[in-house]
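Q: The following block contains the structure, expressed as structure tokens.
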């Protein structure tokens, strides 16, 4: 055995750390003080010479350091708060272990990555930077950093979120995902990469094995261990940590890296997902980057996939993987958006915008409109033909037939003119023509040119209103349904049943877009009256009206009337033939589920939704608007019933469905993001919730306008997320804007106005703005009592805010009276509201010097939220710290400090810098 083989490399590491920054004389004094032996000194000096020498020696030195034995770790070893369970494998920077939290505070698994090699300056700097990089990447599709530190031997490690899943290519293959589902997954990966790029971070090693897909279908991007921060010098970064098969040409050449390198790698991943083969052409390991030069398309290389790889996808892959950086997509977002254009059958930017190509995409994308247009022409043509026959029988009808024929010709011209935006003389800029533009042009021409044909005008406006509704565009849909209903009732048209159908549709759009409840009810009652008068035996039509009226009652919290109306509709629909598609039974079940959920009867709500989904799945399949709306309702009921974690996957599927069915820029897609955000917030994932709320706001601003009740909903929810994070300065202006918007768009006393007032009152009290809070508190309580009644949970929540304001204002006697009123209320309170009531009682007891009661109420509040949310949820922190303070005041300092310290990591990672909880935590340093 050689002398070098007998060197203790753990000792070499330790001594090297001590002397690496010292002058030679100081180094020798350190050697003496540490009693280093000659072999150790020789190895350390050798390494220092290499580090100080020619830069060409750095690569072999780093390889040598990488070959040094890693810290010996075994199952059961402890690293900080973590216990190792087993080794998962080795990554580019070191070994990876599965671990579990072992400090007893809560259960959690994680992946621990040890940094391979000697922890010298470069490695430690890189390690510190990696922690800093990962700490900024809080995104639902990026594995999170949980902790970090160093082993007893000095080897750095990172504690990462443990992601249990399969590499994206294997996940797709094992489940035989179709092309659309693969592209939806890829789109989510692009979003995650773009999120990192916006923070000046490049991944550098994107490949299928670094994108795991969980069992619920959520992709998660792994291994930012080699990520480069674009705002830091490149010279200090270690090289060589990437996979050559997925590296860009500039990466292989050792040139400076930009986001374009990740775009290239994403192109290779996309190639593999759509073609079913690895991104290699021949044994020389040439990647798809050479396709354009070789005049070979990715579609020609597809291996065993059951779909034809479209020319659009060929163009997207070739652009993303161009050897020339300037020819690629400028960002991962642009690449993802082009994939989304393909999914929506819109022209992709990777192809030349010829008129033939754009027209073909438009017809492919909007075939229902084209089919409806053709059908309308045929119907009108048949109508004219019938009139011509009548003319042959009765010469008196000759003039009418000519007028109808002229009308049919004008309608035919109209249908052609709708598509004039694709004419190069009209659309000289060759813009991407949207369905909204087609419909807007059609509505404008109908208004201008069909006044002398009211019957035709009514039918076409009705059709366009329905199209707008299905596109998630409520504002124009409402206006057209109103006009169509009025025209149907015009004596010149005289079609009251068609008017009733339009009014019923109008009521549904009203209800779904947060319109004033009286308007919903008025439209529904008018439709029911017309059907009762003109079709008393039409069970289908009457059932539709009772169903719509039930929704109108539900929107006003008139639950008993809503239940009665909905059940009447269901009874009528059950009399219809069960083999008739669209018989409405599923719709009635869905609405009964919605009502049951609002009443807190979640068991029945989930049963209703499951039955509705089963029927709709059989009738329509899962990619259908009717299925989507029940999926969203079921997920919301599941979340509200106390199962938010199970609901998240359903909400994410619901969001994908909305984007596919209505387009991302639609009210439906905005609502899908809003409800997903609500559930993420309930799980304590505040940053993710905020991101979804902001997406919903952006979309609603485009499709509904900022001065709309629909826009105010995610605005209010965004404020609640900031409030939950303790960022009251951010929450207050959002609450104020939401309240003012609702006051402008909804009638006085509307429940949404009252809830906005309650929310603003609560955050003003929490922020200590007591003078500003007083009138808001009083107005909210007065209005809520009038609308909901004395023994309603909404009233109890307003009384609770009043009590909190009284206590903070020094009105302890009044606060004690409010506590007694809350205790005598018959309202059913949620655990969180009960905990806040206990906290209010504790505050009153503290103000009156009753220390024993303080501890009792603080403990009850703590136990209530723990039972509901678990020890690790951010909602628990407020009550836990308050209980810790009560323990300390009772002389139980050690117990109090242990509880407070167990919360430190969660509070520091979750709550805003200005959050009161952070200041309270400072007491326990």
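Placement of Cβ uses the backbone N, Cα and C atoms for every residue, glycine included.
Pulled these from TrEMBL:
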BINDING   113  ATP binding site
DOMAIN    82-343  domain 'Protein kinase'
REPEAT    543-576  repeat 'TPR'
REPEAT    586-619  repeat 'TPR'
REPEAT    670-703  repeat 'TPR'
REPEAT    712-745  repeat 'TPR'
Q: In the three-state scheme derived from DSSP, which category covers the residue listed as 'ATP binding site'?
A: strand
Q: Return the average pLDDT for the repeat 'TPR' (543-576) as a whole number.
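A: Result for the repeat 'TPR' (543-576): average pLDDT 86.
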Q: Can you work out which residues elsewhere in the same chain, 6+ from the ends of the repeat 'TPR' (586-619), have a Cβ less than 8 Å from its Cβ atoms?
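A: Contacts with the repeat 'TPR' (586-619): 543, 547, 550-551, 554, 557, 559, 562-563, 566-567, 569-570, 573, 626-627, 629-631, 633-634, 636-638, 640-642, 828.
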Q: State the residues, same chain only, that lie 6 or more residues beyond the ends of the repeat 'TPR' (670-703) and have a CB under 8 A from a CB inside it; answer 'none' if no residue qualifies.
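A: Tertiary neighbours of the repeat 'TPR' (670-703) are 138-140, 472-475, 632, 635-636, 639, 644-645, 647-648, 651-652, 654-655, 657-659, 664, 710-711, 713-715, 717-718, 720-722, 724-725, 869, 872-875, 910.
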Q: Could you give me three numbers for the repeat 'TPR' (586-619), the DSSP helix, strand and coil residue counts?
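A: Secondary-structure breakdown of the repeat 'TPR' (586-619): 31 helix, 0 strand, 3 coil.
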Q: Count the Cβ atoms, other than its own, that fall within 10 Å of the Cβ of the residue listed as 'ATP binding site', considering every protein chain shown.
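A: A 10 Å sphere around the Cβ of the residue listed as 'ATP binding site' contains 24 other Cβ atoms.
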Q: What does the DSSP secondary structure composition of the repeat 'TPR' (670-703) look like, as residue counts for helix, strand and coil?
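A: For the repeat 'TPR' (670-703), the helix, strand and coil counts are 31 helix, 0 strand, 3 coil.
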Q: Using DSSP, how many residues in the repeat 'TPR' (712-745) fall into helix, strand and coil?
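A: For the repeat 'TPR' (712-745), the helix, strand and coil counts are 31 helix, 0 strand, 3 coil.
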Q: As a quick check of your reading of DSSP, tell me how many residues in the repeat 'TPR' (543-576) are helical, how many are strand and how many are coil.
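A: Going through the repeat 'TPR' (543-576) residue by residue, I get 29 helix, 0 strand, 5 coil.
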